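Quick notes on the structure that follows.
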C-alpha cells in the first residue's frame, strides 16, 4: 500500500514539474534548475551574497545555486561547491564531487576553503524520499544538521547561512540550534517554492563564531 502511495506521489510530482511555470522559465533562460529562482528571491530580500564574497554550496548539483552565486560574487569572489552527484562545470566554481560525510572528501573540501573565511554557507540538500514520512523526516534533518555543522568549520564571524528545511519532526529543535549560533534567523517561503511542499528556507545571519 505504501509503495502504491509513493508511486502516485512520484507521478503527481512529475506532472507538476513539467507543468511548472518556473521549470519552463528556467528552460527558456538556459538555467540548470528552477531552484535558482528560490535563491535569487531570498538574496534580493536578504542580501546575503554580495560581490567579492566567498561562498560554499552544499548539495550543489545540478548547479542552479552555484550558477547564481558565481554571477553575484564576480571575479573577485569564490564559490566552492560539493555534491555526491556529478555536476557539469561552471566557470568560476570550484566543484568537488564526493560525499563530505567521508573524511577524505571533507578534508579535500576544507583544503579548498582554506580556513574559516567563508561569508555564506548555502545548502539546498534534500534526502531521497521513500514515502515513509518518519524515515524521510529523519534523513532530511540529518542533512541539515550536517550543513549547520559545516558552518562551525568554515564560516567567518558574522557570516550567513541559508538552508532548505522540511517542516515536521525536529524542525523546532533545529531552529533553536541555529539561533544558538547566529544572531538572527528568519524563515522564508519563496514564491517559486511549491505551495504544497513542506520546504522552507532558514536564513541565518550574524554567525557568532
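Glycine is treated like the rest: Cβ placed from N, Cα and C.
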Listed co-binder of S-adenosyl-L-methionine (same site as 63, 65, 99, 124, source Swiss-Prot) among 46, 75, 83: 83
Rounded inter-Cα distance in Å - residue 124 (S-adenosyl-L-methionine binding site), residue 164 (active site, proton acceptor): 5
Pairwise C-alpha maximum, in angstrom, for the residues (63, 65, 83, 99, 124) that bind S-adenosyl-L-methionine according to the record: 18
Nearest of the binding-site residues (63, 65, 99) to residue 164 (active site, proton acceptor) - Cα to Cα: 65
